[in-house]
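K.L.:
Structure incoming, see below.
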Amino acid sequence: MPLNFETDEQKKCYELLRADVENIVKETGYDELYGHKLTPDDQFYEEVIVDNLIYKFCRANQFEIEGAKSQLKKTLKWRKEFKPLHAAFSETHDSLLNDVCAITVSEENDPNQKVVSWNLYGLLVKHKEVFEDTDKFLRFRIGLMERGLQLLDFASEDNYLMTQVHDYNNVSMWRLDPAIKKCSKAIIEVFQDFYPETLFSKFFVNVPYVMTWLYEIVKRFVSEDTRKKFIVMSDGTQMKDYLKVLPKEYGGEATLNSSKLENIEPNAYVSYLLTQCGGEEPAETTAPEQEKETATA
């Protein structure tokens, strides 16, 4: 991810926040962000990754230092409490949810459209029971997001953002179940608050023209910069104008079910946290000496 600064003030904001990372980790008692270690005390630390992650928080806050610092702190505190890595790799979710949400990867797609998260809400509305427990649905949806983030390379120039597709085929244009609205609102707020600058574009597909409630709900909870990434279309096959590789349901060749990744493996640091620390990552945690020796051999 390129670090671009249009002014000296923007660069200063970044430098101030970058220099304060270790203090923020100590204050929050949590040393993990999107599956990566923030402090340089063992082999899991990758400086260029942390550089780029911190830049995201600056950019998301228009390079205003207090806003960027506050959001980073809140994000780490939330991750410590919510345990999104557990939701992604340790918890078992409703099989129905796994059938209507998917992640695909294609190196043939344009930069930052290689990793795509698919959410088929038109199928979900037939099973309203999955939305009755907001927390349960949220943990599934956040887990899906975290697995997608594992497929990104924050140090690259062409794969440091995700693309999302929300398919509303067969969703009623006149009314939406209150439980679905509640879940949608909760997910939008979490992504806005704790996943800044992780999205390249979001497609709303198979949306009837008169279905204005969709955009009205979403725009209330996201920033102007985020809204600019939204693409709304009435026909899913219109996506061929944006993505080179598509599932058959959207004008491509292979079906979404056959294209989706079934097993996404966590990186070494995430595996360490889940197995050695039980998902908890205090500020002073370091890897075992044996692992350090292996890594430096």
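Using N, Cα and C of the backbone, Cβ positions are placed for all residues, glycine too.
So Swiss-Prot lists the following for this protein:
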- TYR121, ARG141, HIS166, TYR168, LYS202: heme binding site (BINDING)
- 93-258: domain 'CRAL-TRIO' (DOMAIN)
K.L.:
Name them in sequence order: residues not among TYR121, ARG141, HIS166, TYR168, LYS202 whose Cβ is within 8 Å of the mean position of the Cβ atoms defining the heme site.
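P.N.:
Here the non-site neighbours turn out to be ASN119, GLN164, VAL165, ASP167, SER184, PHE204.
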K.L.:
Within 10 Å of the Cβ of TYR121 (heme binding site), how many other Cβ atoms can you find? Include all protein chains, please.
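P.N.:
Other Cβ atoms within 10 Å of TYR121 (heme binding site): 21.
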K.L.:
Going by DSSP, give the three-state secondary structure for TYR121 (heme binding site).
P.N.:
helix
K.L.:
Do any residues at least six apart in sequence from HIS166 (heme binding site), in the same chain, have a Cβ closer than 8 Å to its Cβ, and if so which, in order?
P.N.:
ASN119, TYR121, LYS202, PHE203, PHE204, VAL205
K.L.:
Per DSSP, to which secondary structure element type does TYR168 (heme binding site) belong, with helix, strand and coil as the options?
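P.N.:
DSSP call for TYR168 (heme binding site): coil, neither helix nor strand.
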